[in-house]
Every structure is written in C-alpha cells, then in structure tokens.
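Listed features, source Swiss-Prot:
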BINDING   His100, Glu102  Zn(2+) 1 binding site
BINDING   His107  Zn(2+) 2 binding site
DOMAIN    52-162  domain 'sHSP'
CARBOHYD  Ser162  O-linked glycosylation site
MOD_RES   Met1  N-acetylmethionine
MOD_RES   Gln6  deamidated glutamine
MOD_RES   Ser45  phosphoserine
MOD_RES   Gln50  deamidated glutamine
MOD_RES   Lys70  N6-acetyllysine
MOD_RES   Lys99  N6-acetyllysine
REGION    1-63  region 'Required for complex formation with BFSP1 and BFSP2'
REGION    145-173  region 'Disordered'
Amino acid sequence: MDVTIQHPWFKRALGPFYPSRLLDQFFGEGLFEYDLLPFLSSTISPYYRQSLFRTVLDSGISEVRSDRDKFVIFLDVKHFSPEDLTVKVLEDFVEIHGKHSERQDDHGYISREFHRRYRLPPSVDQAALSCSLSADGMLTFSGPKVASGLDAGPSERAIPVSREEKPSSAPSS
C-alpha cells in the first residue's frame with residue numbers, strides 16, 4: 001500500500017488518511033486528542049483549526065546562516081545537555097550527534113537520539129570553529145570565513161560544546 005506523505009502546510013480535512021503529529025519529532029511530549037482521532041477536531045468544532053506552522057516550528061529544524069564574514073548553525077537541542085552532545089568536523093562536514101540514555105519523565109520512559117550533518121563552506125577557518133549551548137537549549141556552531149587559500153587542517157577533530165548561562169540570541173522561527 002502506497003502512502004502519500006504530506007507536508008504539514010498542505011494538510012487536508014481528511015485527517016485519518018494522512019500522517020499526524022505521531023510521526024513528527026515530538027518524542028516524549030504529550031499527545032492531544034486529535035493525534036489519536038484527527039477527524040474529531042473538524043467534526044466537533046468547525047471553527048477549530050490546528051496550527052499549520054506548529055509542527056514545522058517545533059520539530060527541531062535547524063537554521064544555517066552563511067554570510068561574508070562567518071558561517072553559523074543554530075539547532076534546538078533543548079532535551080540534551082552538553083555531555084549528551086558530540087560535535088565533530090570530518091573534512092568539510094560538521095556532524096552533530098545527540099544521545100541520552102533512557103530516563104523517566106511525566107509520560108513514562110524516554111530516550112532520544114539525533115544525527116545532523118552539514119557541509120562547511122570551503123572558506124571557513126576550521127581552526128577557529130566554536131560551539132556553545134545556551135541556557136534555553138539552542139546549540140550554536142560558528143566559524144569565521146577567511147581567504148580561501150587556507151589548509152583545511154586535520155581530517156577529523158572534535159569541537160567541545162561550552163555552556164552559556166544566557167538564552168540564545170538566535171531568532172525564533
């Protein structure tokens with residue numbers, strides 16, 4: 001059986017026939033009644049509409065900025081501590097991996113893991129890369145851009161994640 005995967009912006013009123021929030025990255029967060037019976041929300045109240053952007057904004061989408069002077073990655077990792085995160089540079093890629101062991105929360109036991117990989121622009125100074133985690137759970141990976149004649153340095157190295165006590169200055173999408 002073929003199942004069409006729809007982007008959340010294009011959800012239709014035929015909710016039971018399309019994927020719901022259950023398949024999104026909301027692991028460990030509570031379920032709503034429309035997650036289990038999505039057709040109820042439109043039949044009980046014709047004025048109720050689920051936010052079209054909620055699943056997109058809350059799904060851990062990263063933001064990558066590359067301007068003339070620097071390269072920056074913002075990634076929401078609010079469920080992870082610096083000890084749970086590993087940031088490595090492998091040649092011209094940065095790999096961010098987060099994993100925490102099973103722990104108890106309000107809804108039972110939960111464990112989380114993610115892996116993201118981004119290509120670094122060739123003009124990024126790999127010797128000056130830094131990574132920090134803000135108090136509100138925003139991981140910021142950044143590096144300055146320089147003249148393109150630099151040696152890339154070692155083919156693999158770890159970038160330590162430092163903790164900041166202030167909230168992130170990254171714009172909320």
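Even glycines carry a Cβ here, placed using N, Cα and C.
Predicted, not measured: the structure shown is a model, and the values here were computed from it.
Within the same chain, the residues at least 6 positions away from Lys70 (N6-acetyllysine) whose Cβ sits under 8 Å from its Cβ are Ser142, Gly143, Pro144, Lys145, listed in sequence order. Confidence over the region 'Required for complex formation with BFSP1 and BFSP2' (1-63), given as mean pLDDT on the 0 to 100 scale, stands at 52. Residue pair Glu102 (Zn(2+) 1 binding site) / the residue listed as 'O-linked glycosylation site' shows a Cα separation of 24 Å.
Here the Cα atom of Lys99 (N6-acetyllysine) is found 17 Å from that of Ser162 (O-linked glycosylation site). Distance between Cα atoms for His100 (Zn(2+) 1 binding site) and His107 (Zn(2+) 2 binding site): 17 Å, as a whole number. With DSSP classes pooled into helix, strand and coil, the tally for the domain 'sHSP' (52-162) is 10 helix, 61 strand, 40 coil. Within its own chain, the residue listed as 'O-linked glycosylation site' has Pro82, Ser130, Cys131, Ser132, Leu133 as residues 6 or more apart in sequence whose C-beta sits under 8 angstroms from its own. When the recorded positions Lys99, His100, His107 are compared by the number of other CB atoms within 10 angstroms of each CB, His107 has the fewest.
In the shown protein chains, 9 other C-beta atoms lie within 10 A of the C-beta of Glu102 (Zn(2+) 1 binding site).
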